Structures are given as structure tokens and as C-alpha cells.
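Some notes on the structure that comes next.
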Ligand SMILES: [Zn+2]
């Protein structure tokens, strides 16, 4: 119930923002009003930043990869949606590598399901406020590799899309999420290892504290971004 109420509240806030933006847009079409210049410049700056972001939508690279973008829903540790759109955006090089992992897995009757990809810096700041523990959330002062479009959170699914058993759920911030946690079932440990091998084979680097998180090896080439997901074309 609490989650539902958060979701409604967020929807209401988004609607409000949209409504208040409309009169501004109308004003900006009237050049005689000097006050209209600033909103228009802001719009131009936002779209220029989005154009330079060079993020690609994984659906356009490999539509076989399944999506469960948790931060676009209330089903996450923040208990409210943090994204306006459920999209997996990545740098092109990381998206291509992830597509290769999917192709490898399909050959053995498996596939990927992603929980999170590119994450704007402003969302990172919200997460850090709630969970300032750098074992699980990167300090926004440095930025996360997710903020660079160079990290992905994901799991394995079978041919029907059913998730394979893993040691924990996504975003379980306990020692059980560590990639070397030995107390999980044999099946869960096998699946965790299979995910790790499939990802590292194509150049991704695992994270010690979270079995679901992988960095693209190229992450350092790319800057931290704060472009909203819905602004990326
Ligand atoms: Zn992650």
C-alpha cells in the first residue's frame, strides 16, 4: 500500500510539472517577451546535452534482452519510481557487448534480464541520501559507473523469461549479495557463476559486493551524465 501511495504521489508531481511547463512554452513563442528567452535557452541546453550523451537504447541493439527496470517502478529499495521511463540506456560499446552476452546465452537456452543501466547523477544523489554506504551505492561526489552509462544490473532467465535462482533478490544490501558468498544453495551458486562467466567473457567486470552488477571495462572513457532518461532520443 505504501508503495502504491508513493507511485500516485509521483504521478501527481509529474503531472503538475507538465502543466506548469505549458504556459512557459506558450510564452516562449512570443519573442517580444524578454522573460521568455531563459526557458528557451534552458530547453536548447538540455537537448544539446542529450544529443552529446551518446547513449543507446538496448532495445534497438538487441530486443531479445528482457527488461525489468526496477527504478521506473516502486519495486525498489527507494519504494518509489525514480525514472519517468523504463529504459535501458548504455554507451554503444557496452550495449554491443551486452548483446553478445545475450547471443551467447541464447545458444544454451538462457538469456538476460536487466534491472538497471544508465542512471542520471541526480538519481544517484537521491539514493545516496537514503543509503550512504559505498559498498552498495556509489558516492555521487565521484559518480557511479551507472552515471557514465557503463554499468548494468541484471540476472539470468530461462527461455520463457523466468528468472533463475540466485543467492538473493536484486538490491539485497547484505553479505549474501557478495559474489563469493558461500552460504547460498548449490543451484544459486551455479547460476551466479554462470552469469559471471557469461559477462566476463565479453569484457564486463564483476563487483565484489553485488552479484547482479557489472561494469563495462571501457567505463573510464566516459563522463558522468545527468540527462533524464526520457531526454535521450
Ligand atoms: Zn549496479
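Cβ coordinates come from backbone N, Cα and C, glycine included.
Copied from TrEMBL, the annotated features are:
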{"type": "REGION", "residues": "1-39", "note": "region 'Disordered'"}
{"type": "COMPBIAS", "residues": "1-35", "note": "compositional bias 'Polar residues'"}
{"type": "SITE", "residues": "119", "note": "site 'Transition state stabilizer'"}
{"type": "BINDING", "residues": "146, 153, 213", "note": "Zn(2+) binding site"}
{"type": "ACT_SITE", "residues": "210", "note": "active site, proton donor/acceptor"}
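Known features from TrEMBL, placed on the structure.
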residue: 119; record: site 'Transition state stabilizer'; CB count, 10 Å: 26
residue: 146; record: Zn(2+) binding site; CB count, 10 Å: 27
residue: 153; record: Zn(2+) binding site; CB count, 10 Å: 23
residue: 210; record: active site, proton donor/acceptor; CB count, 10 Å: 19
residue: 213; record: Zn(2+) binding site; CB count, 10 Å: 26
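The DSSP secondary structure for residue 146 (Zn(2+) binding site) is helix. In this structure the alpha carbons, written CA, of residue 210 (active site, proton donor/acceptor) and residue 146 (Zn(2+) binding site) are 14 Å apart. Residue 153 (Zn(2+) binding site) is 11 Å away from residue 119 (site 'Transition state stabilizer') when you measure Cα to Cα. Other than 146, 153, 213, the residues of this chain whose Cβ falls within 8 Å of the Cβ centroid of the Zn(2+) site are, in sequence order, 115, 116, 117, 119, 144, 145, 151, 152, 207, 210, 212, 214. When secondary structure is read from DSSP and collapsed to three states, residue 119 (site 'Transition state stabilizer') falls in the coil class. Checking the recorded positions 119, 153, 213 against ligand 1, the ones whose Cβ sits under 6 Å from it are 153, 213.
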